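Copied from TrEMBL, the annotated features are:
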type: DOMAIN; residues: 22-72; note: domain 'NXPE C-terminal'
type: DOMAIN; residues: 253-734; note: domain 'Cas1p 10 TM acyl transferase'
type: TRANSMEM; residues: 269-291; note: transmembrane segment
type: TRANSMEM; residues: 355-375; note: transmembrane segment
type: TRANSMEM; residues: 395-416; note: transmembrane segment
type: TRANSMEM; residues: 446-466; note: transmembrane segment
type: TRANSMEM; residues: 473-495; note: transmembrane segment
type: TRANSMEM; residues: 507-526; note: transmembrane segment
type: TRANSMEM; residues: 561-579; note: transmembrane segment
type: TRANSMEM; residues: 599-617; note: transmembrane segment
type: TRANSMEM; residues: 659-680; note: transmembrane segment
type: TRANSMEM; residues: 692-711; note: transmembrane segment
type: TRANSMEM; residues: 731-750; note: transmembrane segment
Amino acid sequence: FKGGDTCEYLLSSGRFLGEKVWQPHSCMMHKYKNSEAKNCLIDKHVVFIGDSRIRQLFYSFIKLINPQVKEEGIKHGNIPFEDKSASIKVDFLWYPEVNGSMRQRIKSWTEGSVAKPHIIVVGAATWSIKIHNGSNEALAQYKINITSIAPLLEKLAISSDVYWVLQDPVYEDMLSESRKMITNEKIDAYNEAAVRILNSSSRNSKAKVKVFSVSKLIAQETIMKSADGLHLPESSRDTNAMILMNVYCNKIMKPIDGSCCQPQPPLTLIQKIAFCFFTLSIIGYLIISLIHRNNYRKNKSCTDLESGEEKKPAISTPNVSTLEMLLQCFCKLGLIMTYFYLCDRANLFMKENKFYTHSSFFIPIVYILVLGVFYTENTKETKVLNREQTDEWKGWMQLVILIYHISGASTFLPVYMHIRVLVAAYLFQTGYGHFSYFWIKGDFGVYRVCQVLFRLNFLVVVLCIVMDRPYQFYYFVPLVTVWFMIIYATLAVWPQIVQKKANGNCLWHFGLLLKLICLLTCIYFLSYSQGAFEKIFSFWPLSKCFELNGNVYEWWFRWKLDRYVVFHGMLFAFIYLALQKRQMISEGKGDPLFSNRVSNVLLFISVVSFLTYSIWASSCKNKTQCNELHPSVSVVQILAFILIRNIPGYVRSVYSSFFAWFGKISLELFICQYHIWLAADTKGILVLIPGYPMFNVLVSTFIFVCVAHEISQITNDLAQIVVPKDNSTLLKRLLCIAGFFSGLHFFSAMQDQSRH
């Protein structure tokens, strides 16, 4: 950690990811849209002063505001640009040499009450080299002229953003005869003079001219593609314009995926309270640990010198043990949350943009699949979708999703569509698992509901507080929470139909099917009635949970994307359990699920269906159209996978313990990746070890997995304490939780008021 300014890194260093994606050193660069650029530059005046290279930069810059602009201005003259809708004024002033004329123009902005430009971009040198045939006298005069201009620029830098653009290298082999004297050696000499003279007299950090030297690095990689050896190709100058936009606009617009030039956000009131709580928990745990250690030493078993017997230590009381466990959990959680904050809120660790290549996604996939197959063990039971198998399924899906996120594979549509199926498969398991539990156990008690809700939401609630993010930001947890409540409501409302009751009378099966049909009707209605959906979730307090950026559209989109798959999971569970009860399937060890003929036919259909979906997903051309079809067809590949995995007896009898281990902590892995494996709320990659990408991924992954595992243990321990089985105690805890959320809402309202 150098403690450097990320603006300085953005202006001076970086590298190319692939051919066109520029990666600044240590931070992430946002790709500004036209609307964002206008919002940032509203009522601003920007001036570009220099030669034809600066004119190129000027055109690339104004195309970020208005892409329809054509490069039709006078080549050797001033070019104005104005966007009246946002009151943006951008001017190019033709001053190809650093001379008295340029000095006079800059001086005019420093005198009297003349309106100063908000951004000034200056640069020139190649004309001086060309006109004076690369003479040393011209270089000496250049130094004198910059020395006279530097104080004026530093004076302007107090109130405006002033950038001096260093000269890019040229491709000497392509230069025309009239430009042969412009050599890279001469350019380096001019650049060296500019860097040495600028800011030499300024002691005030606010009055510094920012040296735009990154264009040199970009030009070194791309100048070979230049049309004339002097001017940069369009992609390179567009990159320079985007860097300029990031330097100025990131601190104003604060884009999530633009960490360069963004100051560290101040601690909110809720974050400060959380910090105090975790600090007190750590102190409390240390005090209790010291007290217990002293008591242990006093009561430690020791040999009686007379009788030779051992004295047994005193046993601690259960109340102290519970308190100690509670404080220990919050102590560990406090340390973990500190790491979360340092990784993704403090400007301590570096962050980089994602860059997708096929190898960065598929090679790790092959690697983990080989590992998974290597750790093969026999299952304890051979039922369809037994516990080991579902853990394995969650595990390998989660690992694939993690690789998908860190590699930036969402830009490749076939991979995106297959990942959508994996997310749908998680929700399918939600429908299957919770339906099976309620149907078989008939347990609709408050304890069960509170246990599930606590385990699903505990980590997300803590992260909302510590990382200052809305609940809907972690969209998957609200999704599975709402679907759990829908499943519970469907089965718990009168008449409660469970397996035990249905076995006595077959008509109850039809009653349950009617319930499922009603559920499907409601889902269908809400999916095609955005207004009704938004009205339901816009009521307080639901709006506090499901709004993102002031509306519930994102929540509606996420819900709609996999709207039928939970229903499919419930229906599959109902059909499977009915077949199992009537002994129409064989689940013995090594036995196929059905007769050989039926099993072979179903396997053939499953393989064909699985491959057909993959072919369709791989041929997708439009994400919007494919997302429209996805809710209806994703179940095809899910059911095909279940049948392929369970029909053959041997395949059903084994599982991968490697994948199952990850499956047990899949929820924690999915949520933790937001801040301690990825960065900038999943938009980038966390860099703990700069300069060594593979080593960095290994180290950050190890820490990330350990943290997820530890949080899973903490959640399980706290669930036993916070959600007791005794109903009267549970009611008291629920009142405390209600009080906690009321306080959270109160402090949140105070925060919002202070922000506005």
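Including glycine, each Cβ sits where the backbone N, Cα and C put it.
When each of 269-291, 395-416, 507-526, 561-579, 692-711 is scored by its Cβ pairs under 8 Å to the transmembrane segment (446-466), the top-ranked stretch turns out to be 269-291. Segment contact holds for the transmembrane segment (561-579) and the transmembrane segment (473-495), given three or more CB pairs below 8 angstroms at sequence separation of 6 or more.
Helix, strand and coil content of the domain 'NXPE C-terminal' (22-72), in residues and according to DSSP, is 22 helix, 9 strand, 20 coil. Summarising model confidence by region, the domain 'NXPE C-terminal' (22-72) averages a pLDDT of 94. Here the transmembrane segment (599-617) has Cβ contacts under 8 Å with residues 414, 417-418, 421, 592-593, 626, 633, 636-637, 639-641, 643-644, 647-648 of the same chain, all six or more residues outside its ends. Long-range neighbours of the transmembrane segment (731-750) within the same chain, counting only residues 6 or more positions beyond its ends whose Cβ lies under 8 Å from a Cβ of the stretch, are 269-270, 273, 446, 450, 465, 541, 544, 722-724. Between the transmembrane segment (473-495) and the stretches 269-291, 395-416, 659-680, 692-711, Cβ pairs under 8 Å are most numerous for 659-680. When Cβ-Cβ distances below 8 Å are used as the criterion, the transmembrane segment (395-416) is approached by residues 354-358, 360-361, 364-365, 368-369, 372, 422-423, 425-426, 617-621, 623, 626, 656, 658-664, 666, 669-670, 673, 677-678, 682, 685, 697 of the same chain, each at least six residues removed from its ends. Within its own chain, the transmembrane segment (269-291) has Cβ neighbours under 8 Å at 320, 323-324, 327-328, 330-331, 333-335, 337-338, 465-466, 468, 744, 747-748, 750-751, 754, counting only residues six or more beyond its boundaries.
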